[in-house]
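> Here it is, the structure in full.
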């Protein structure tokens, strides 16, 4: 076979070869099916971030916070990517520096990105280091999506009051000193990975860490205004459901891509993910009907999320009936912590203003899923995926069954403790540079004060009106605040901000 435009008999470029003498050895490790699925799965996870959570956040808050909430996601996605390829990836999945950290370094050169993917610290006494059958660039891209999603999930606890400049500093600092530690410890070959703690696709690394860190950061940032805490109705429930739908379907890449291959574990994980999410949604909605006498669309979204979160640490390691059981727990325990314990006037859960309840939907559900993985992980499925061949859930007996449950609890406690300490130190450090919380004037106005922009162009809406809106709008609309040709309604007074 010849390349187009080349003389007959000349070989095609190496990158396009399936077989042949020239370049065959260089591409012998490449499995195009695994590579295609991994890049697709990564993009599905990316769609959870933007537009998924960006739409969900922008629509589930009050109108005056729509832009700020969506923008926090938009910024975090970009900031995490740059930090990830400059130093973050190798801190999370590179060579071992400490039992909890990899050696920082760039993931930008072609010599590194075009070689076969390898997680050098993941070798155990039973198996060599993981070496998926696709390029390192694919692995860097896939794991970036998980890191970005974690930071964006954390943002759900801080909506409606965090100073955006503080958020710009928080994202790279938290990625560096919190996320990378959890990722290396549990996935990259660190001490929890070597010990055999089960976290199939991020119940601990992503959800427990983001839920705890979000709650801690919410404590340091402080609450929303009293008025916002009393009344914080969604500005668009239909868009909230649309964002939730993107989150749900994007989770197929989240859990389906975790095995790093198109193997027999991947479709099982996808099916279990959807079974658990559906079960949890139905259970949460049913409890709402029993207690409040009305089904809630927002409640159904919460139930969907807790189901997706709870199955994540066990998705490819449990049978379908266990996914239903996990879904029942996911629809009840987080409901109780959010709707009962979270509404009591006494206690930390009510004193800390966790805007979207990420502590309940991610920290509670994530730790619950990790512990239930210690109960229901099937021995055969564990042997297909985990780095230690003797791991199994408690219900399957054996000498190590009880030990596995203990490992799950210790793993959760480590993630909780690290995030409490690291997030607190990060917030205290940022306070030395810029306030964590917006000013009272900005809190009263919202998007217009924070960004000079509003989500919906409606006259007579909002506390202030600025004809310029933002300097960027001048180039779009071709007008400035001094343009005398812009007609104004008679009841609008031009106010320079």
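The backbone N, Cα and C atoms fix where each Cβ goes, glycine too.
Just lifted these from TrEMBL, have a look:
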{"type": "TRANSMEM", "residues": "36-58", "note": "transmembrane segment"}
{"type": "DOMAIN", "residues": "36-456", "note": "domain 'Ammonium transporter AmtB-like'"}
{"type": "TRANSMEM", "residues": "70-89", "note": "transmembrane segment"}
{"type": "TRANSMEM", "residues": "133-155", "note": "transmembrane segment"}
{"type": "TRANSMEM", "residues": "167-189", "note": "transmembrane segment"}
{"type": "TRANSMEM", "residues": "201-222", "note": "transmembrane segment"}
{"type": "TRANSMEM", "residues": "234-254", "note": "transmembrane segment"}
{"type": "TRANSMEM", "residues": "260-284", "note": "transmembrane segment"}
{"type": "TRANSMEM", "residues": "296-315", "note": "transmembrane segment"}
{"type": "TRANSMEM", "residues": "321-341", "note": "transmembrane segment"}
{"type": "TRANSMEM", "residues": "409-433", "note": "transmembrane segment"}
> Hey, which bits of the same chain come close to the transmembrane segment (201-222), Cβ under 8 Å, at least six residues off its ends?
146, 149-151, 153-158, 161-162, 166, 170, 174, 178-179, 182-183, 186-187, 254-255, 258, 269, 309-310, 312-316, 352-355, 358-367, 369-370, 373, 411-412, 415-416, 419-420, 422-424, 427-428, 431, 436-437
> Quick test of the contact rule: Cβ under 8 Å, at least six residues beyond the ends. What residues does that give for the transmembrane segment (321-341)?
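Beyond its ends, the transmembrane segment (321-341) has Cβ neighbours at 271-273, 275-284, 286-287, 291, 302-303, 306-307, 309-311, 314-315, 347, 349, 357, 359-361, 364-365, 368-369, 372, 376, 378.
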> In this predicted model, what is the average pLDDT of the domain 'Ammonium transporter AmtB-like' (36-456)?
95
> Near the transmembrane segment (409-433), which residues from the same chain, at least 6 beyond its ends, have a CB less than 8 A from one of its CBs?
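Same-chain contacts beyond the flanks: 100, 166, 169-170, 173-174, 177-178, 181-182, 185-186, 192, 197, 199, 204-205, 208-209, 212-213, 216-217, 220-221, 363, 367, 370-371, 374.
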